[in-house]
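Please read the structure below before turning to the comments.
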Amino acid sequence: MRRLEQRLSEAHALEAKNKEEAIKWNKQLLEQATQEGKHLKDERDKATDRMHAAALQVRDLKRAQDRMAQEARASKAQATLQALGGFRKRLVDSRQALRAMRRDQDQMMEEANAAFATVSEEIASYCSFIAPMTFQRPEQLHTERLTQQQLAKGLKHMVAKYRASSEMCRELNVEVQNLKGSMRVMCRVRPLKENEQGDGTILNFREEGVVSVHDKNGPRDFQFDTAFGPRHSQDDVFAEASPLLATVADGFNVSVFAYGPTGSGKTFTMVGDKGSKGR
């Protein structure tokens, strides 16, 4: 009986010891699990912080990229506007210079024509003075009139002046044609037909040589050497092209042709009607 109690006591002691060790082991496992959980939480927080920082960096980079792209577009647009402004200024300056040259050309042509007319009148006057004298007897001539030698000398002088004026007129005409250019583009717009008048016109002659065409994309300007509208006559076209006849007479090759769609008035412009000049 005593041995049984002793064995029972030993069994209780062993059970208590095992229980104590189990509690101690469970406590160690719990502490280890707690530490590992805390470590995992710290790692997760760090990863979250890194992801947040990366997201902020990506956002900042995207904003910087958008800002750079916007600045590039603005810079390109500004450069384009500056280039267009410079081109427009050069175009305006060129038009003004061309108008000035045309005014100078017209003035030179007027002076040359006036000089030519003056010389022609003087020659005609001398001829009308000399011609009757060949049919008169010497005793019938007035003493105040010139001698034959003086008349011959004067006639020779006037012929020389005529030739010089004619040569100057030719040179001025060549210079005018060179200033205008060896190739000239003229635009002529015919009047609207009866079946077209209801649609209205999309053309506008804003200034000399400029035709503005209006469509769905807005107005577009086209520059020509000369632009003839519906109100211009065939005589106006002939007056613009007639100086070329003098160029032909001076030995230069000249070609005049009309280009355009069917019904645009090419044949009428080139041929005209019975009452047109230069037909």
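Glycine residues also receive a Cβ, built from the backbone N, Cα and C atoms like all the rest.
Just so you know, TrEMBL annotations never went through curation; they're auto-generated.
What you are looking at is a predicted structure, and each value in this text was computed from that prediction instead of being measured.
Database features, via TrEMBL:
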BINDING   Gly260, Pro261, Thr262, Gly263, Ser264, Gly265, Lys266, Thr267  ATP binding site
COILED    1-50  coiled coil
DOMAIN    182-279  domain 'Kinesin motor'
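Taking the mean position of the Cβ atoms of Gly260, Pro261, Thr262, Gly263, Ser264, Gly265, Lys266, Thr267 as the ATP site, the remaining same-chain residues with a Cβ inside 8 Å of that point are Arg190, Ala258. The binding-site residues considered are Gly260, Gly263, Gly265; of these, Gly263 has the fewest other C-beta atoms within 10 angstroms of its C-beta. Of all the binding-site residues listed (Thr262, Ser264, Thr267), Thr262 has the fewest other CB atoms within 10 A of its CB. Each residue in the coiled coil (1-50) has a pLDDT score, and their mean in this model is 78.
Per DSSP, the domain 'Kinesin motor' (182-279) is made up of 24 helix, 23 strand, 51 coil. For Pro261 (ATP binding site), other Cβ atoms within 10 Å of its Cβ number 6. Within 10 Å of the C-beta atom of Lys266 (ATP binding site) sit 16 other C-beta atoms, taking all shown protein chains into account.
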